[in-house]
Amino acid sequence: MDNQVLEQKIVNEEYKIWKKNVPYLYDLMFSHTLEWPSLSVQWFPDVRRDEEAGRTTQRLLLSTHTSGSEEEYILIAKVEFPDEFDESLNEEVGGDMRLKIIQRISIMDEANRVRYNPSACNVLAVRSDLPDIHVYDYTKHLSHEKIPRPDMVLRGHSAGGFGLSWNHLNPGELAGCGEGGEVCVFDVSQESSSISPTVVLRRHETAVNDCAFSFFDKKLLSSAGDGGMVVLWDTRSEDCIHAIEEAHTSDILSVRFSPLDGNVIATSSCDGSVKVWDRRSLSQPLHILLGHSKDVVSVEWSPHNDKVLASGSTDRRVIVWDLGQAGAEVPEEYKAEGPPEMKFLHGGHTSTVCDISWNPAEPFEIASVSEDNILQIWQMPQPE
């Protein structure tokens with residue numbers, strides 16, 4: 001039996017064990033097979049209640065990655081949560097929840113990342129393998145349009161990539177990064193269909209894999225990339241405030257400012273670690289979180305708890321971390337299960353976890369997507 005067959009057998013066995021234990025591990029678990037993989041997932045902020053039907057409806061922003069097999073789309077889905085779950089419907093995990101794609105917007109190339117503008121959620125930015133960032137206003141597009149018609153094209157990058165970050169404090173400002181090594185900042189509030197960057201930031205000598213604006217300082221931007229370097233920028237003066245040359249021992253794939261603490265930054269890397277930094281003292285990380293066995297693709301802070309963050313990996317796992325537990329004593333019999341700050345391990349995916357998003361309306365609930373077309377919405381047990 002070759003290694004690939006053996007690995008798949010192990011994955012299948014692990015999944016069977018996980019599925020059997022779902023009722024004991026989760027407050028909520030919903031799994032849905034998409035037509036194509038989505039490399040991107042993000043909860044919209046709106047929540048609609050139907051008291052009569054006893055249901056809550058939320059929306060998710062997704063995309064397609066068909067590898068050239070079909071047209072590519074941005075997808076907007078609605079998810080209906082019943083107040084009470086009917087156990088008899090739970091042959092499929094989360095059987096009485098419903099997910100429906102309510103809008104498809106044709107795009108030029110398969111999306112690496114799609115993010116809505118927090119100041120105007122109808123405005124969506126798409127980062128792909130094309131150099132330009134395309135912006136769509138979903139109120140101006142009919143579903144099933146066959147020809148991609150971006151409302152704005154943001155020019156300035158020399159190559160495609162993954163990094164996209166809207167500025168929560170400066171409406172219409174968007175940063176992007178990619179394989180070309182530059183970080184570009186755009187103002188999409190301009191009345192133009194073709195927009196050049198207001199700022200181009202250069203310090204990285206190789207690919208920049210992610211960028212993120214601060215939630216507390218509108219001119220503070222972070223970027224991270226190949227070679228393990230993190231850079232903090234002042235976008236107004238265009239200065240590099242600080243560079244951590246070797247924040248990780250391998251390429252950094254994700255960087256995020258905490259939405260609840262203006263001094264804290266998280267990074268994740270191909271070295272299998274997540275690190276948490278205080279920007280006032282960047283010589284050493286505050287925390288090094290070890291629990292993944294492969295590349296850590298994404299890291300996202302909880303919007304509800306300043307000590308909690310989650311990470312997704314090519315090891316098929318999502319781990320929720322609680323920094324408040326760092327350094328706590330662990331009984332000998334539990335040490336093999338992971339460090340004290342590992343709050344929860346989600347083992348429902350059987351392929352690389354591409355992206356994760358915390359539900360802003362529901363504490364400890366996460367949407368995660370994987371390379372094998374699976375979208376999962378899950379809620380770990382609530383703390384007492």
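Positions of Cβ are set from backbone N, Cα and C atoms, glycine also.
The repeat 'WD 1' annotation in Swiss-Prot covers 156-196. Under 8 Å from some Cβ of the repeat 'WD 1' (156-196) lie the Cβ atoms of residues 109, 112-120, 123, 125, 127-133, 135, 202, 204-218, 221, 223, 225, 233, 235, all in the same chain and six or more residues away from its ends.
In the repeat 'WD 2' (203-243), the DSSP tally of helix, strand and coil residues is 3 helix, 22 strand, 16 coil. Sequence annotations record features per position, and here Swiss-Prot assigns repeat 'WD 2' to 203-243.
Same-chain residues lying 6 or more positions outside the repeat 'WD 3' (247-287) and placing a CB less than 8 Å from one of its CB atoms are 207, 209-217, 220, 222-230, 232, 293-301, 303, 305-306, 309, 311, 313, 321, 323, 326, 341. What Swiss-Prot records for 247-287 is repeat 'WD 3'.
Residues 11, 253-261, 264, 266-270, 272-274, 276, 338-347, 349-358, 360, 363-364, 366, 368, 370, 380 of the same chain, all 6+ positions outside the repeat 'WD 4' (291-331), place their C-beta atoms under 8 angstroms from a C-beta of that stretch. Marked as repeat 'WD 4' by Swiss-Prot: 291-331.
Residues annotated as repeat 'WD 5' in Swiss-Prot: 348-384. Taken as a whole, the repeat 'WD 5' (348-384) shows an average pLDDT of 95 in this prediction.
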**Message:** Which sequence-distant residues neighbour the repeat 'WD 5' (348-384)? Criterion: at least 6 residues beyond either end, Cβ under 8 Å.
**Reply:** 11-12, 15, 18-19, 22, 25-43, 45, 47, 58, 60, 62, 79, 93-94, 97, 99, 113, 297-298, 300-305, 310-314, 316-318, 320
